[in-house]
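Okay, so here's the structure we're looking at.
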């Protein structure tokens, strides 16, 4: 029965997606803007109904697959949660697509699109949490942190487990890629608003992401050169023993966001500078760099599956306001071992994720609104570094000390301080560039006026 529900639910996704494409594609491809036709609206309605039924069937199928004797209340939460999540997620996607590609829509239509976009996001999150609440009692903990594809087939891997050989895929890596794509789409939309073109950042995404991963690994290796307090890799010993290849084994963990962000920003900036001469690089930094906070907020959920970036051990009851699936996962350490019954770790990864999302909206929207006068272009890039440096400086002492990077455990703390200072210095440099540019214009202006007056005088003499 559960297999039939899963198959039918998955098949219903095909008409759901197809109908949404059939309604949206003609709308955005028109040379001149026109409102939705009746046919396109019917397609949208059919798509919404298909998403609802697909989510409901998949929710029931997943729950009964986990436990054939699942309680009716749990099944109801899973069914209603996933069906509504599919509906609201589709609304977010459609609204973003319309705002992205139909810039010339009339004010009334664009207002509805914005309401659908920003109004559906919180409902999509809440309904997904409702779905997880329904299936939480039947999941196996700790949750799988990834999987391995080998001659034995596909095998799930959990925290503390190691399967030799095969192709290792971690949720952490997939989630990081997802965060990078969110950053890209938001940035691309900003560039479209200014330059009227999409795809200007395609190459920047590839270069920045690759260099970011390399920078994150290099900085992790440097920070843990002599090991850490948690028995993590000691790369100086590994190289001395001839195991130099361990420096490149990122599938075993070991990326530091601070190093990755700096490397990605530098590489991306240079790439845009040399390949997109028409782009105002300082404006581009303000548009792109704050979106890294969104990528980092999403990336932190990779730590959730890895059972890491935890704080102190507390009573699980004190975390009862959180979804059950999160509280249950917090009852395991990164070795996959369960804590004493009723105990759980403080979810620092979740706290940092929420703070980073708030930071993005503050830097990208509130600061430009509140700091209009005397704000140099490029200042938002510096504010990103200041914000994230402060966040990490506050969060690092709260982490389990044995998992702090560096032999003395202070590596990330000092990196955070450096982030803050670099950010402040960067803002100061932007002010200096504006001052020097203004001064240069003032020096050139009298010269131009003098040359103009001289030409006018010469012309007058010739006329006489």
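Backbone N, Cα and C define each Cβ position, glycine as well.
Model, not experiment: these values are computed from the prediction.
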Which listed span TrEMBL calls transmembrane segment, if the choices are 42-64, 134-156: 42-64
The annotated transmembrane segment range in TrEMBL, which must be one of 8-29, 228-249, 250-271: 250-271
Intrachain neighbours beyond the transmembrane segment (415-433), with Cβ under 8 angstroms and 6 or more residues off its ends: 219, 223, 256, 258-259, 282, 376-379, 381-390, 392-393, 396
Sequence-remote partners of the transmembrane segment (112-131) [C-beta within less than 8 Å, at least six residues beyond its ends]: 59, 77-78, 80-82, 84-85, 88-89, 91-92, 94-96, 98-99, 105, 323
Non-local residues, at least 6 beyond the ends, that sit with Cβ under 8 Å of the transmembrane segment (379-395): 258, 261, 265, 285-286, 289-290, 292-293, 296, 348, 351-352, 355-356, 359, 362-364, 367-368, 371, 412-413, 415-427, 430
Closest-packing stretch to the transmembrane segment (169-187), where packing means Cβ pairs under 8 Å, from 42-64, 199-220, 344-367: 199-220
